[in-house]
């Protein structure tokens, strides 16, 4: 218990003008843990990821990675602490090939020879995109681009992987493959996964954190969370005495 | 990367340069050679922006500032030192240092594209005004009067290093300019296919993604900008040699816009395109000037409009597409066929 948590936020808040996107979030993740983050649209999940990666700076509160505060660090410096992210809409080097995308990710922290090996192993074994290795990512379908970005993040060999809706736009079989891949990646990296699909969540997660209106609503094991009345309310929009909720 | 790197553009550049150096001085007179020399010199300038804009994604709207600094630095250095070797080196070092200082504020200050264009444009206009207002005898550096709007005349020709009396003839300056053009082209080609170059292109493609992978985009852009500044300075030095004269006109708006037009016509995201665009537009300008009755700018503007409307990717990518007989999905992809060492599907792996 001597080690600090891999990620820890304390009273983390950010607001954009009048909008309180993330409000007073205390969150902690152990090394090797896999956590699912759920919540209706606009609950602040993606913004929370942006705070963890340094794309946004918090209005108040702190984020620590491995016990080290990331305040004042640039995005690339946070990445070098071992944080990798797959964004909701795949963010790739569109005019470069699949292999080059993944190679560039590996090359940052490895020699050229090692980067070649990692790129080969990620493409062939981990995401299975061998037949597209030399295809420009701009030409691929949304689903394949999701996998390429997963490959890019894996090739980074980060300690912590943030996945923003990895299964979005995927069909049954692909979703199953993605769940398997996530479990496999989790053997070497801790993960925070934002997802909406409850079946998918049940398949991969033990602990779930629910966001609503920028705050942590509940944090518990999957079954408890799914049975929680408040969670059902925010997801199904059954709140009374309020205007229409954004969630559904 | 492995052995799949494509060397034929480099071989082509070497063969083209050698043929030009051997054949052209034999078949052309000095006047024509002088004309060809300026094409080569301005092509070096075109290559510097081709690298930082076409590959680094940095649209420097005032790129002439480095060209002008190179010309003035060479003039002042050569006239003060007598021997020109140090002046030649300084004509790259001073613009590079200035690019480093300016670039530091631009990139570490996270100035975004449009503002970066506006700032670089303003900087070159400031230099234009500054150089124009140095007409009094009190404005001199060492023995050299800056001359205000009239500029600096009688700039000594480059001499062979260590031999101050052996200055270059018209033919020798032509040979040197073509050799430097080939050298710059080959160096940039190698740089683009190096690991550094791959990251530079990646940052142009998606800066946020590059940073999320741990690459410091600011640093890479700064280095790119400095390299481009040094090359433009070298072109400025050759330009001062070519005319034996430099004036604030080198900092003028038209000079900067011209480079951008060459690139748009030839094809952004290629190295050969801007060189072809430069030679073509320069040739047109001088041909039109000999008619005298046509307004040059009107015709050039018309050509630019036609190119933008009909060949939005520029000449080289369009020709490459036609040659391969298929639709280009991306500019970079189309470029690949023409230039071999592809910026798009690189030799990074495979």
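Cβ coordinates are placed from backbone N, Cα and C, and glycine is handled just like the others.
TrEMBL assigns the feature transmembrane segment to one of the listed ranges (B:153-172, B:173-192), namely B:173-192. Within the listed segments B:297-316, B:317-336, TrEMBL records transmembrane segment for the stretch B:297-316. Cβ atoms under 8 Å from those of the transmembrane segment (B:259-285) belong to residues 9, 38-39, 42-43, 45-47, 49-51, 53-55, 59, 61, 63-64, 181, 185, 188-189, 192, 296, 299-300, 303-304, 307-308, 313-318, 331-332, 335, 338-339, 343 of the same chain, restricted to positions at least 6 beyond its ends. If you look at the transmembrane segment (B:7-28) against the transmembrane segment (B:173-192), you find at least three C-beta pairs under 8 angstroms, all six or more positions apart, and that counts as contact. Through the fold, the transmembrane segment (B:222-244) approaches residues 34, 37-38, 41-42, 44-45, 47-49, 51-52, 55-56, 58, 60, 63-64, 66-75, 87-88, 91-96, 98-100, 102-104, 106-108, 153-158, 168, 173, 176-177, 180, 184, 188, 191, 196, 200, 250 of its own chain, all at least 6 residues removed from its boundaries and within a Cβ separation under 8 Å. The transmembrane segment (B:114-131) makes contact with the transmembrane segment (B:61-79), as judged by at least three Cβ pairs under 8 Å among residues 6 or more apart in sequence. Of the two recorded stretches, the transmembrane segment (B:34-54) lies close to the transmembrane segment (B:173-192), with three or more CB pairs under 8 Å once pairs fewer than 6 apart in sequence are set aside.
Between the transmembrane segment (B:85-107) and the stretches B:61-79, B:173-192, B:297-316, the greatest number of Cβ pairs separated by less than 8 Å involves B:61-79.
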